[in-house]
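S.K.: Please find one structure pasted underneath; my questions will follow.
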């Protein structure tokens, strides 16, 4: 058997990655925050709460004991919601040898500081951080369906090490030095998925969905580039790739939340109905504040913010976007 890897967070994505890594021969300690969830995983060999239908192999060890989970791990996969990244990092720091590779898989921004999650981890003393992102629904990865993702890190050695750990005949991993662009692409697409879901809930059709995705990517890239990302990253897996799958898939919880909002449910009803974290809700507030601070136009994000936090009727957002002052598609041209 290969080395031990710790997956911190036993939601759908953490469970799917544990299955992938176990298939590669690693011993995987899968940490669940709630002891009753860890016990259920051990007893049933399945995460019936978050990833039903996917069997856990014998080399996956579910546990609620964090020190035991990370002891001897050559790599730690962090798969907790964005709002729990800092608190979890503080728990991990005293347990890990310096230089342990941390692979963050959450896609969001820290609402209180507006920081990217890799920044949060480094602030908390975890000095070797990589980010795994791209179009990768847990339900399909857990079933072994072909998936491609990207890993970004501050140094090439770390990125290529993570690439080697995760690379599999069904899970192709590319590397990218642009950790800023990769993180912003993964986080901000959830806002646009809420928007396309709302349009679907209103029954507005394919043209509207395509418009929201295309113009949504324009504003994602505007903010991401203004904050240091590379424009080509947003044309890659963590940008347009993740945007496509999140805005169109039945597995997308952000899209599902948008559909329910479009059908007239309140945000509280929607979050209760989805039953899992909808990252786009918090990310919308963080992204809007960043856009205001840096003078970046993000009209779709602004409308979603008005729906989520100010109670604006979803239908009114369509008119607000369609009736904006006319402008060029690109910010500079040949005329």
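In case you wondered, yes, glycine gets a Cβ from its N, Cα and C as well.
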S.K.: Please identify which of 130, 138 is recorded by TrEMBL as part of the NAD(+) site containing 9, 10, 11, 12, 13, 14, 253.
M.R.: 138
S.K.: Of 50, 161, which does TrEMBL put in the NADPH site with 12, 13, 33, 34, 107, 138, 253, 277, 279?
M.R.: 50
S.K.: When you put residue 107 (sn-glycerol 3-phosphate binding site) at the centre and draw a 10 Å sphere around its Cα, which of the recorded positions 10, 11, 13, 14, 138, 189 have their Cα inside it?
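M.R.: The recorded positions close to residue 107 (sn-glycerol 3-phosphate binding site) (Cα within 10 Å), listed in sequence order, are 189.
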S.K.: In the domain 'Glycerol-3-phosphate dehydrogenase NAD-dependent C-terminal' (178-318), how many residues does DSSP call helix, how many strand, and how many coil?
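M.R.: Counting residues by DSSP class gives 112 helix, 0 strand, 29 coil.
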S.K.: From the Cα of residue 10 (NAD(+) binding site) across to the Cα of residue 254 (sn-glycerol 3-phosphate binding site), what is the distance in angstrom?
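M.R.: About 19 Å separates the two Cα atoms.
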S.K.: Report the largest Cα to Cα distance, in Å and rounded to a whole number, among the residues 107, 134, 136, 189, 242, 252, 253, 254 that the record lists as binding sn-glycerol 3-phosphate.
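M.R.: Of all Cα pairs among the recorded sn-glycerol 3-phosphate binders, the widest measures 16 Å.
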